[in-house]
Structures are given as structure tokens and as C-alpha cells.
């Protein structure tokens, strides 16, 4: 069976979508190709890297990428992780499903916010896997 493709999108591909890609590969990797991107690129937030390292997931080699139309078109599911990405997501082909899983942006906030958002994203992906 061919793997399906899930594409996590947020504003800057800096925190939330990077953590979602890390968790997605860890939790869904057997059945899904997992990618992330942003409406813009802000660079991978070092605190997102550190938060994922704390749970033994290495995202230090991830890059902050703009939405790739080829990946977008071949995705089975696009998941927006913030309202900006949800509002500005490109028009999707009819075969691509879209869901919005909103998470607060931890950038510029306390360390505990990175941990909280990281753990919320993990829970959302675990629930998704059970569907």
C-alpha cells in the first residue's frame, strides 16, 4: 500500500508545523509521508528544536520552507495549525482534504509554552492516528 501524505502548515514554518512534522514522522511515519511548510519562512525556532530534543525527537536538520505546490497537490490531507495559515491557505485541489487544528504560537513566550504546545500537538496527532 502506498503511503498517504500529510502536510502541516503554519505561518512561518518555525515552531508549530516543525514540531508537528517531528511528531508526525514519529507517530505516523509507517503509513504517512509527513511534511511541513509556512505561508512565509521565519527559520526554525531554536526553542522548538530544544523542546523536541527533550522528547528525543531531533528536528535540528529541518529547514523552514515555503508551501511547495507539488507537495500540496499530492497531499491527502493538509492540516493548518494557526488561523493565519487557515485563512491564507492556497486553494486546494478537490482530492485534497483540509483540516484546521489550531494551536497557540509559543514563539517569544515562556519555555513552558513550548512544552505545552509540543504536547498538545502530540496528542492531536495520536488522536488522528486512531481515526
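For all residues, glycine too, the Cβ spot is worked out from N, Cα and C.
Just so it is clear, the model here is predicted, and its values are computed rather than measured.
What Swiss-Prot lists as active site, nucleophile is 10, 82, 89. Taken from Swiss-Prot, the feature disulfide bond covers 10-82, 82-89, and the record attributes it to sequence analysis.
Ranking the active-site residues 10, 82, 89 by the number of CB atoms within 10 A of their own CB puts 10 at the top. Taking the C-alpha positions, the distance from residue 82 (active site, nucleophile) to residue 89 (active site, nucleophile) comes to 10 Å.
On the backbone, the CA of residue 10 (active site, nucleophile) and the CA of residue 89 (active site, nucleophile) stand 9 Å apart.
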